[in-house]
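What follows is a set of notes on a single structure, which appears directly below.
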Amino acid sequence: MSLSNAPLGQHVAYPSQYDPGLLFPIPRATNRASLQLGATLPFTGVDLWNAYELSWLDARGKPRVAMATFSFPADSPNIVESKSFKLYLNSFNQTRLPNAQALRDRLERDLAAAAGAPVGLKFISPQRFGELNMAELDGIYIDKLDIEIDTYEPAPQLLQCAPGDEVEETLATRLLKSNCPVTGQPDWASLQVRYRGRPIDRAALLKYVVSFRQHAEFHEHCVERIFGDIMRACQPRQLTVYARYTRRGGLDINPWRSNFESAPPADVRTARQ
């Protein structure tokens, strides 16, 4: 499907009843071709989506609410365009269902069909809302480095290694900003880079991250671009790149890519989320 046909950036009426046809898949392969990524990926990963505005009607017409976390595997053929996902979830608002399991069954079936692979789903009931925590990404934050920046489109040539022996460290920043490729709206994120290898020059990394500031690309694609650029520039033996983007339309998206870790960290939202 062409992005020109996606609901993002268009005036679309909110649905009144359940409609799985609202989901708009976008092939991952299209963007990955520009990153020189083929069928064999240099990483594993997931895209963690948190839905904060999930509601439906029970069999007697009484509203129910919950939150949910969806895990889209990075090797699925498609991502789902975010506005279409929001509209799809909102199509349950006036839909009667016998129980929460019926909702779960529809979500799992429909999202797997759109993504082209099984999608993990975790429900969070109102009884558990009080258990939810908030925390910042761990790591050494590089935001206070005293540097001058004048590049605001992705510039992988900025990346470089620093002198020194091999290290194992985690670096983090709250200064990642990219833009929606359809609407131009800003996308804000915290970024974590965990690696083992030659030291990454921290000032160079910060300049590189900031260079995304006027770049238009989906969240998932930005993280894969960052992963590939760091691998080519510094060739770490181990690398994980993880971004937590702020919420839009009741959804936040948190892509995680790694060539050595088997599972992402706990899905804990940051203060800005």
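Placement of Cβ uses the backbone N, Cα and C atoms for every residue, glycine included.
Per Swiss-Prot, the feature substrate binding site maps to Val80, Glu81, Ser82, His219, Glu220. If you look up Swiss-Prot, you'll see Ser82, Lys83, Arg248, Gly249 marked as NADPH binding site, on the strength of sequence analysis. If you look up Swiss-Prot, you'll see Cys180 marked as active site, thioimide intermediate, on the strength of sequence analysis. The active site, proton donor annotation in Swiss-Prot covers Asp187.
In sequence order, Ile26, Asp47, Ile79, Phe85, Phe218, Ile253 are the residues of the same chain, not among Val80, Glu81, Ser82, His219, Glu220, whose CB sits within 8 A of the CB centroid for the substrate site. Annotation: no recorded positions among Asp187, His219, Glu220 have CA atoms within 10 angstroms of the CA of Gly249 (NADPH binding site). Fewest other C-beta atoms within 10 angstroms, among the binding-site residues Lys83, His219, Arg248, are seen around Arg248.
When secondary structure is read from DSSP and collapsed to three states, Cys180 (active site, thioimide intermediate) falls in the coil class. Rounded to a whole value, the Cα-Cα separation of His219 (substrate binding site) and the residue listed as 'active site, proton donor' is 8 Å. Take the CB of Asp187 (active site, proton donor) and look out to 10 A: across all protein chains shown you find 23 other CB atoms. In the set Val80, Glu81, Cys180, Glu220, none of the recorded positions has a C-alpha within 10 Å of the C-alpha of Arg248 (NADPH binding site).
Cβ contacts within 10 Å of Cys180 (active site, thioimide intermediate), excluding its own Cβ and spanning all protein chains shown: 18. The full span of the recorded substrate binding residues, Val80, Glu81, Ser82, His219, Glu220, taken as their largest Cα to Cα distance, is 12 Å. For Gly249 (NADPH binding site), the number of other Cβ atoms no farther than 10 Å from its own Cβ, over all displayed protein chains, is 16. DSSP assigns Lys83 (NADPH binding site) to a helical segment in the three-state reduction.
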